[in-house]
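What follows is a set of notes on a single structure, which appears directly below.
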């Protein structure tokens, strides 16, 4: 097939698309934000530097875009080439068998305008917060409903999103719920960094504190049980500024040595895998997400996951109390503290969880996910041919 991917230039998108490299499909890539093509997608037929001005920049334009986005969207087509305009031109030019958008808000909305003008087969991969978080937001609700009713094929990563999509349109053609947004994982590479569970003495946690992330509540939880952590190493990765400041404060006040990396000064992926591979417990805490990549990486690396469960997304991989703990309230530091203590005091549970997660990780192998992904595209191709 000739497939046009409409996607952000993120590593997850690159990993997904790279599953189709040398598969016989002709791959095109377009980013509605016109970012520089990801280095791992240079092998594709990509379109960049398309966002041209129609008239010179107007004073106050940036302010209008940020403060009055609805008004700006109405005048934007008079100012510059929009993503919808360029996509319409591109689709007419290359005539793809399938257009596949990865992510809803920035990459799928512009396609809806195009679909109202010209016909094409359309697949969509639901990422993280795409539908779960935005479905009830006034400025997004109708757009999401219209997209779901219009899209032909859905690639999903969890049961929750299937239920959400089916609640909007029972006729939605869902190809599966076991498609991680970035494809599968190189299990053998991960295993190089893993040490035996009984030798592990590290708690690792994701340092996001923003619209969705709630790392500060995990730090509060750690403070509540500070006397139990004197002999435990703690590492926070990808810390936002407020989290970094809180770590510094805690270290000074309690004479601790919580290590961390920041969003602006991150360690390499292999260095992070080494942390995961030596972690006894891995904590991820947020109020909205899909299936976090870091949860899957914790499972693969043998760390015991303590994970928030927005809308039930994490339940696809964690059976609470068996192969991990589910956080019921991501803003309840006391609850989180008790889960950490319970995990630290349950070596037998951690060993059993490790064995259960070793069975799960096999299903996350990149070759297995790739095989299922290619099968899904073949199914789409067959349906397209049969309807001609």
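Using the three backbone atoms N, Cα and C, a Cβ is placed for every residue, glycine included.
What TrEMBL annotates here:
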- 3-145: domain 'Glycosyltransferase subfamily 4-like N-terminal' (DOMAIN)
- 266-349: domain 'Glycosyl transferase family 1' (DOMAIN)
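Note: the domain 'Glycosyltransferase subfamily 4-like N-terminal' (3-145) comprises 56 helix, 24 strand, 63 coil (DSSP; helix = H, G, I, strand = E, B). Confidence across the domain 'Glycosyl transferase family 1' (266-349), taken as the mean pLDDT and rounded to a whole number, stands at 97. In the domain 'Glycosyl transferase family 1' (266-349), the DSSP tally of helix, strand and coil residues is 40 helix, 17 strand, 27 coil.
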